[in-house]
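*Asks:* I'd like to ask you about the structure that follows.
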Amino acid sequence: MFVCSFGCESVTTALAGEFPPGDTNLFRTFKAQEAKGFFIKMCQKKPLKIQLRLTRFTLDHVDVSSLSCCDCLAHICRRKKELKARTVWLGCPEKCEEKYPKNAIKNQKYNIFTFVPGVLYQQFKFFLNLYFLVVACSQFVPSLKIGYLYTYWAPLGFVLAVTMVREAVDEVRRYQRDKEMNSQLYSKLTVRGKVQVKSSDIQVGDLIIVDKNQRIPADMIFLRTSEKNGACFIRTDQLDGETDWKLKVAVGCTQRLPADLFSITAYVYAQKPQLDIHSFEGNFTREDTDPQIHESLSIENTLWASTVVASGTVIGVVIYTGKETRSVLNTSYAKNKVGLLDLELNRLTKALFLAQVVLSIVMVAVQGFVGPWFRNLFRFVVLFSYIIPISLRVNLDMGKSAYGWMIMKDENIPGTVVRTSTIPEELGRLVYLLTDKTGTLTQNEMVFKRLHLGTVSYGTDTMDEIQSHIIHTSGATPSRKTQASGPKVRKSVSSRIHEAVKAIALCHNVTPVYESHVNGETESAEADQDYSDDNRTYQASSPDEVELVRWTQSVGLTLVNRDLNSLQLKTPSGQILSFHILQIFPFTSESKRMGIIVREESTGDITFYMKGADVAMASIVQYNDWLEEECGNMAREGLRTLVVAKKCLSEEQYQDFENRYNQAKLSIHDRGLKVAAVVESLEREMELLCLTGVEDQLQADVRPTLELLRNAGIKIWMLTGDKLETATCIAKSSHLVSRSQDIHVFRPVSNRGEAHLELNAFRRKHDCALVISGDSLEVCLRYYEHEFVELACQCPAVVCCRCSPTQKAQIVTLLQQHTANRTCAIGDGGNDVSMIQAADCGIGIEGKEGKQASLAADFSITQFKHIGRLLMVHGRNSYKRSAALGQFVMHRGMIISTMQAVFSSVFYFASVPLYQGFLMVGYATIYTMFPVFSLVLDQDVKPEMALLYPELYKDLTKGRSLSFKTFLIWVLISVYQGGILMYGALVLFESEFVHVVAISFTALILTELLMVALTIRTWHWLMVVAEFFSLGCYLASLAFLNEYFDLSFITTWPFLWKVSAITLVSCLPLYIIKYLKRKFSPPSYSKLSS
């Protein structure tokens, strides 16, 4: 029963006129869309109570049986547009049933109307700034006015102006980058021919031509290519972070067309837009033939936006645009990042405000709440407003800019750029570092290191022996057939090597690409191209495969040509061996292997070659006693291992297999399982040929950098889109997981029960690294989020493989929510942008995968090893300096407020300011600003020492440099010094009140300068200059301050000794306490610096 109440009048109606009489099936066919219209319609009518009998009623997937009508209407108004599957007619965008989003890239935070309100909101949502605004506005009320307006509005205006200019510059840059991308021109096919169209004007259904090295502007289905084999390569580094090229295949029906695409009537049915960049389901239908032609579409027929065409020219039909494209769906929007230090200072200012209000209430209470006490209370609040100094924001913002400048000028980390200048202190508070693998920890450059044949092993120094064996056996090729067909005899080492190398040269997805240089331009070559080694490059979806094929070329067996149906190898003697490709079984993360069936054209032999991970291949190959041990040995060296095997098939065996395989491919239900079962029937008792070991070269100094970060107490998680085996290999070779540590590989789970069992198994392990795939992670987070994060956080290292960009960002957010610790994400590809933007501190590496991550990050570096110095030196210094600077500026405000409180209490609790006009402005600026700001140059230990003892960094994560304890110490110092200065001046002053002002103010300035000297740990020549410059400014200005001081008095000895005595009493005890503390309880850094 669904009850929808519109108002209080209770009427039950059959809704005559709304529904046909006697239609009992009405509600069964009452769709959600009609329901929405119905609700809105009924809201406009008189109040009534409607009772609708609904068998099953859901609204946008929300069960509304328990909601009131208002809730339903609110849900309707708030709902996002539902993403739907679509039918797209080729070249006919006007036939689209729905309106699809504009194909424009938009990264701006504000528009021309929201800029000023948006920036002001970001500023005044902090208590500190809102407080200053209220105090400044109060000065327009005559009865509340304490001093000059400029003393309140000038600093506030300065802070807002600096912020607005900074935001405006960033916004203009973002706008220019977007405009550049949206203005790129593409060729669009129309009935009248080609027309040029801007990227932002492309619509769903348009036929777009994309040339070589051009960015694909929207998600498309690949229809035609200039390449004869009907396939092309695309670069996907900005989408999935992998630098290798992916092979894409054109739709067969359109590729074979002799005429243009407008000669046929066809449409594409595409599934609704979704996040997964590795899958797609759709159909292509040609209507103008009898019978209609249907082709199923998969991921290999797609061209996603933000990828780049690497070979030939392609034509595609646009199926998703703008925010519905895979790349945009996987991108999170940048948030305004606020540092932990700023949040802590915000909390402290709230505490100070509370103290200020309490102090004001005490003052009014002691007066006895006489007269207009409420006005007096507000006057006291304004009078004590210096407790929270506005110069706090100014000093901290200038300090942040100074830290950014120091980072960029550091010669030890050249090329580092600070893009977000508001959070340098975050670099000193990190607990979790989440890193990408490809291009961040590794160079993504493979080197072939080892070939093992069971009885003999070859390394880099013995590859020439393999070459001589290949040369020797290539001459004896015809005789091998007779040997194989006879009784089993032990093969010679030469023939075994030849078999192994040949298998490696045939079992892959690599395509040789030839470039011809015509008039200085590079073009894709056709069949008449010369096959010279210098002119050939290899392309594949895996860099491992490319390296294996390069290696076979180096030992004498060269892949010279390949299309969809055949491939050719060249022997050392120049002979070309041709093979017909009968079947290919691509690599999947489930099967962990790939296979190929080829027929050698010269002999007619059919051979099934297969290579894959040892875990998958161990049960497929014939019994042996060496494979497991050797795989373990290579893995410990950090090599990526592949097991290579083969099986010879007779013509009858192959025909039987092909019939069963094609039948399985046509089945509608459980197609994947049936196909896998047929292939597995072939994967039995295969002959083990060899084991290969390939090394993915690490970035420079990755191992010592990870060791440094681990010693600093930073937990490192590796999030990669790569395969589980590869990720585990790199985790070992980079020493992310130390050799003594166990690795727990989280088994694939697909439901709650499996996840529960696997989590229990993991809970029993202690001090072991965790390796988990993205799919299993998703299941665990769905059912056992809290338990999983709790267990994972106890691990010394975590590796998440097969992670989508969105999952990477999700993991960052989880850590922030569950641990409340600061996170840092580092990556170098477009697929890392979401993670970088979600983290408290994002670091981008300018690498082979382009600048997308670097531009989106808060800090950009050129090499992974630079992160050590960035955190240990700059992060540490930024945090400690800002903590000291923030507390000192507060001390500067509290000391003068204490003096004001003492002054008011002595003079009958009058709300009269102690210092007026320029004295207050000068105190906060020219007299003390330079020495206080020079604290940004202070350091407790030298950079070399901070890098040598990363354990020092651990202390920072506890936040002891700025806590309620340290803040309380500064409050006590301020109260003590303020009291001494004021009471001292009142006790020692002569006859006139102006002498109190002169003595106390001069002693105050000297006390501040001495306190700066007390706080400094390492002197810099600029600090000394700042101290003497400020003192000089004050002494020079005394001549012009006759409005506030008695010039005849301040030149006498009594003035000098009184000021000196008060200053000595206020500062000397603190110097003694500091000396004793340093002697008997020295901090950890002082032990090192001494």
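All positions are counted from 1 along the displayed chain.
Placed from the backbone N, Cα and C atoms, the Cβ positions cover glycine too.
OK, TrEMBL features for this one:
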| type | residues | note |
| --- | --- | --- |
| ACT_SITE | Asp436 | active site, 4-aspartylphosphate intermediate |
| BINDING | Asp436, Lys437, Thr438, Glu545, Phe587, Lys611, Arg640, Thr720, Gly721, Asp722, Arg802, Lys808, Asn831, Asp832 | ATP binding site |
| COMPBIAS | 471-485 | compositional bias 'Polar residues' |
| DOMAIN | 96-153 | domain 'P-type ATPase N-terminal' |
| DOMAIN | 194-326 | domain 'P-type ATPase A' |
| DOMAIN | 855-1082 | domain 'P-type ATPase C-terminal' |
*Asks:* Assuming the binding residues for ATP are exactly those in the record, Asp436, Lys437, Thr438, Glu545, Phe587, Lys611, Arg640, Thr720, Gly721, Asp722, Arg802, Lys808, Asn831, Asp832, what is the maximum CA-CA distance in angstrom, rounded?
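*Replies:* Binding-site diameter by Cα atoms for ATP: 31 Å.
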*Asks:* Roughly how many Å lie between the Cα atoms of Phe587 (ATP binding site) and Asp436 (active site, 4-aspartylphosphate intermediate), rounded to a whole value?
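*Replies:* That comes out at 22 Å between the alpha carbons.
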*Asks:* For the binding-site residues Arg640, Arg802, which one has its C-beta crowded by the most other C-beta atoms within 10 angstroms?
*Replies:* Arg640
*Asks:* Which value does the mean pLDDT take for the domain 'P-type ATPase N-terminal' (96-153) in this predicted structure?
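*Replies:* Here the predicted model's pLDDT, averaged over the domain 'P-type ATPase N-terminal' (96-153), is 85.
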*Asks:* Could you round the CA separation between Asp436 (active site, 4-aspartylphosphate intermediate) and Gly721 (ATP binding site) to a whole angstrom and send it over?
*Replies:* 8
*Asks:* Taking the Cβ of Thr438 (ATP binding site) as centre, how many other Cβ atoms lie within 10 Å?
*Replies:* 30
*Asks:* For the recorded positions Asp436, Phe587, Gly721, Asn831, which one has the sparsest Cβ surroundings, going by other Cβ atoms within 10 Å?
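*Replies:* Counting other Cβ atoms within 10 Å of each of the recorded positions Asp436, Phe587, Gly721, Asn831, the minimum falls on Phe587.
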